[in-house]
């Protein structure tokens, strides 16, 4: 398959993933706003901060959660012990479906992913809302049983699909799958009668270490909150709500792009070869795509940062009322807007870096991640003691900045001997930068005089000012960043053309 065809499939997967993420986050956004009216912020903190770590470590650390960590007041958070066990069991169920998910992702089964995940999320959200409305005294039972229902349904969707495909030899051959029956996805002896393929095991171990360290860097603040008790359960709940709200756009847009174009780069580029020794057409296409993705990430991140500062308090007041808009909530969201900019750039740079690195480079990167993980956890603790929950976001910004520099250095070395310069995507025109600065100043003044305790008429005027500034900014970007606009037009057209041809 040529690089253009792979690019078309990646674009289709990214656009479908984007629509899927919009559905997921919209449902979650509405559901959280609903839950805040019925349950305490302590339960939200337990469910979204402590228990997901138990899911990650599954049943092994379930004992730690139940025996060693502080157990919340059963009158405030009922059924804590049973809830942790059910969450751990749901992780085991989800792991059973992981081979099917990897197979579907590698072969870009877009329709399967959309149907399975959207159906599971919708039904889980409906179940959660009904239980919160009818049985709020169930506490942690609500979320744990809803999570188990979600993982079971998701795994069943993948299993049923592949059982149907692999049950028909013609369908399996047409899909060019590397397996011919369901038992091929289970552990088995190799042709050499060895139970473990050591070459693949070493590569798997490298990626496991990388994933483990990335988990620490991504979820490190949750470990600090959980094991060091730097915040109470209520503050943890507010932090998690702001964290989810702040990352809403980043997860909507950048997560499907990162996942889809990682597959594109991995298919187009060869890991163990220098850029000058590979097919130059593929290297050129990869460079154009990387430059455009960097530009898109930078523009989106800057837009969120500039306009997020002036509208954080208003968003929190509309979403959660005084519980979120007073206190540390607005400061947290403003800091998170800056973090989203770094998050956007890092997603694209690491997407390319992990796809192009050789095994030796992955191992070296793991050592860097190990040092970064330790420093990140220490910095999180120190900054949180010094400036409260916003310290977690500042530590994340430091962590993300270091990771971006590592990836940028790799990309620079990778294309150093070629005529392509994908890092030019990180430079914007002076006119556009000036427009961003002017919009930030105007919306900041508008917030001072129109938001947020002067009634709904003033709020609407503040929103109108922001909409006008946003329109001018996007218009300027459309006129100045013509190369990016052309890329988006052509690649958004590829999936439609492919659908028409098939």
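Here the Cβ of each residue, glycine as well, is placed from N, Cα and C on the backbone.
Sequence annotations record features per position, and here TrEMBL assigns transmembrane segment to 18-39 (among others).
Look at TrEMBL and you will find 51-68 (among others) tagged as transmembrane segment.
Positions annotated as transmembrane segment by TrEMBL: 80-102 (among others).
Per TrEMBL, the feature transmembrane segment maps to 114-135 (among others).
Taking Cβ pairs closer than 8 Å, the transmembrane segment (141-163) reaches residues 47, 51, 55, 78-79, 82-84, 86-87, 89-91, 93-94, 96-97, 100-101, 103-104, 109, 112, 115-117, 119-121, 123-124, 127-128, 131-132, 135, 182, 185 in its own chain, all 6 or more past its ends. Under the heading transmembrane segment, TrEMBL lists 141-163 (among others).
Summarising the annotation, TrEMBL assigns transmembrane segment to 283-311 (among others).
Residues annotated as transmembrane segment in TrEMBL: 331-355 (among others). Beyond the ends of the transmembrane segment (331-355), by six or more residues, the same chain brings 210, 238-239, 242-243, 245-247, 249-250, 253-255, 257-258, 261-262, 265-266, 269, 286, 290, 293-294, 296-298, 300-302, 304-305, 308-309, 312-313, 315-316, 362, 365, 389-390, 393-394, 396-397, 400-401, 403-404, 406-408, 410-411, 426 to within a C-beta distance below 8 angstroms of the stretch.
Under the heading transmembrane segment, TrEMBL lists 367-384 (among others).
Per TrEMBL, transmembrane segment is recorded for 390-411 (among others).
Residues or ranges marked as transmembrane segment by TrEMBL: 423-444 (among others).
Outside the transmembrane segment (456-479), and at least 6 residues removed from its termini, the chain residues within Cβ reach (under 8 Å) are 299, 303, 306-307, 310-311, 314, 431-432, 435-436, 438-439, 442-443, 446-447, 450, 485. Annotated transmembrane segment per TrEMBL: 456-479 (among others), in sequence order.
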- prompt: Hey, which bits of the same chain come close to the transmembrane segment (283-311), Cβ under 8 Å, at least six residues off its ends?
  reply: 3-4, 7, 246, 249-250, 253-254, 257, 261, 264-265, 268-269, 275, 333-334, 336-338, 340-345, 347-349, 351-352, 411, 415, 418, 420-426, 428, 436, 439-440, 443-444, 446-447, 451, 462-463, 466, 469-470, 473-474, 477, 481, 483-484, 487-488
